[in-house]
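Per TrEMBL, transmembrane segment is recorded for 29-50, 79-96, 102-124, 131-152, 158-177, 184-212, 232-252, 376-397, 409-430, 442-464.
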Amino acid sequence: MVQKYLSYISHARLHSSDDELEALPTKQVLLWGGLLLLLTLLATVSYYLYRPYAELTADTPGYLRFAQQLRTTGNPINVFRLPTYPLFLLVISFFTGPDNLFAVSIVQGLLFILAVLEFYLLAILLFRHSWIAFCISVLVGTNVILISYSKVLMTEGLALWLLITSLLLAVSSMRTGNVRRLKWLAVCLALLFFTRPEWASFPVLLFAYLLWARYRRGNVRPWLSGIVRAVAVLYVLLGIYICCNFFINHYFGLTYVENMNLIGKVMQYQMQNEVPSGYEHIRRIIDSNVTYSHLTPYQLVAKYPELGQNNARPLGDFARAIIWRHPFEFVGKTIPLLFESLTSYYPVSTLPAPSVAPQPAWIEQIVASLFSFHRALYAGNVLFPYCSIIWLGLLCWPRTRKRLSVQGMGLIVMTAWFALVLTTLGGYFLSDYMRVHIVFDALIILTVWGAILYVPSIFFELLIAQIPDRMNIQGAPQR
C-alpha cells in the first residue's frame, strides 16, 4: 500500500508540472494575486504620497526635447536619445497636456504595478506554486528602491515593464508551444531596444534559447520559421533606423551616447595613456582630467567643444583605439565590477525638488521601513552568482534539464547575466550601475529566491522518486 502511494506521488510530482500544463487552483492564484496587488498598491501609493511631484534627472530634458521634436516634426530619429520613451511621453501628453509631468510619473507607477502582476504570472509559470510566486513577487512589488527609480522621468521604469512582459511571453510560449505569441514578443523586444540600446543584441540570444528549448522537445520546424521571421523584421527595423541616423545626423549607430560611454570607461580604468600615436592632444586632455579635474564625459565636452564635434567622434575613436589594442586589460578590469555592482547601492539622484507640504508621519514611517528592509534585501544580490550556478547546474543535469521550470529559469539567468555584463561594460560610475540594474533587478531577485524556495522541492521530488525503486529492490525475492 505504501509502495503504491509513493509510486503515485513520485510519478505525479515528476511529470504533471513539466510534461503537461497542469491547471493551478484558480482561487489560490487569485487570492495570492489579490493580496500581492493590495501590498503593491500600498507601497506604490505611499511612496507617491511621500514624494508627490514629478522627479527629473539631468537626462530628462533630452527626452522632453525629443518628445517635442516628435510633436512638431514627426521625425522619430534622434542622435542623442532613442524614440520609445519620447513617444511614451508624447502619447501621455495628448491626454494630460505637455506640461503635466506628474501625470507621466503616475502612469509609470501604474506600469510598475502591471509589471509586478506580470512578474507574478511569470513566477507561477516557472514554479507552479502560487505561494512561491507570491513570496518572490511581493519582494518586487513592495520594493521602494525599484519604485523610486521607476517613478523618475527616465527610461528605467518603462524598460522594466517591457523586459518582464517579453520574458512572460517567452516562458509562456515555451510552456504552451504557441508560435503566434512570437509576434507579440518581437513587438516588445523592438520597443525594448528602442528604449535602452544595450538590449539591441538581446533578441538573437533570446530566440536562440527558445529554439534550443523547443528542439529539446521536438517539432521545431514551426518555431524555426517564426523565429527567423521575427529576427529578420527586428534587425531590418534596427538597420533602417541606423541608416536614417547616418543620413540625417551623420552618425552610424543608435545614439552617440555610445561614444560618451566608451570614453567614460577609458577614464574609469585610467587607460588613457595606452593610446597609439596620433591622439596626443586628446590624451593630454584626458590624462589631465583623470588626474586633476575628474569631469564627466559630458562636462569634458562642454569644456573642450572640439572633443564633441561630429557627435563626439574624436572621443569615440580615441577610446576604441585603446580598447581594441588592450582587450584583455579592459575585460580584466571589468570582471571585478560585475560583482561589485551587484550590491553597490545609491539612492535615486534627481534635480532639486519643489517645496511641498510636510507629509504625515505614518507615510514617512512606511517608506522608511520599506527602504530599510529592501536595502538589506539588496545586499542579498551577492548570492546571485552562486544561485546562477545552481540553476545552470540543474539545466545541465540529465535528471532535471528537461523540466520546463529549469529551462525557464535558465532563460531568466541568461537574461540577467546578459544585462549585467552589457551594463557593466557601458556604465562608468557605480551610481550608473545602480540605475540601469533597476531594469533587471527583479530577475536577480527571482534567481536568488527561486533557488531558495523552489530548488529544495526539486531534490525532494527526486528523493521521493527513488524510494519505490529501492523498495522494489529490497522486496525482490532472493535466489
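Glycine residues also receive a Cβ, built from the backbone N, Cα and C atoms like all the rest.
Taking residue pairs at least 6 apart in sequence, the transmembrane segment (102-124) and the transmembrane segment (79-96) share three or more C-beta contacts under 8 angstroms. Sequence-distant contacts of the transmembrane segment (376-397), counting only residues of its own chain at least 6 positions beyond either end whose CB sits under 8 Å from a CB of the stretch, comprise 139, 143, 145, 339, 342-343, 345, 403, 406-407, 409-410, 412-413, 416-417, 441, 444-445, 447-448, 450-452, 455, 458. By the Cβ criterion (distance under 8 Å, sequence gap of 6 or more), the transmembrane segment (409-430) is counted as touching the transmembrane segment (158-177), at least 3 such pairs being found. Using a Cβ-Cβ cut-off under 8 Å and counting only residues 6 or more beyond its ends in the same chain, the transmembrane segment (131-152) has close neighbours at 28, 32-33, 35-36, 39-40, 42-44, 47-48, 51, 55-57, 60, 105, 108-109, 111-113, 116, 119-121, 123-124, 160, 345, 347-348, 350, 367, 370-371, 374-375, 377-378, 435, 438, 441-442, 445-446, 449-450, 453-454. Long-range Cβ contacts of the transmembrane segment (102-124) within its own chain (Cβ-Cβ under 8 Å, at least 6 residues beyond either end) map to 24, 29, 32-33, 36-37, 40-41, 44, 48, 52-55, 88-89, 92-93, 95-96, 130, 132-134, 136-137, 140-141, 146-147, 150-153, 157-158, 160-161, 164-165, 167-168, 171, 442, 446, 450.
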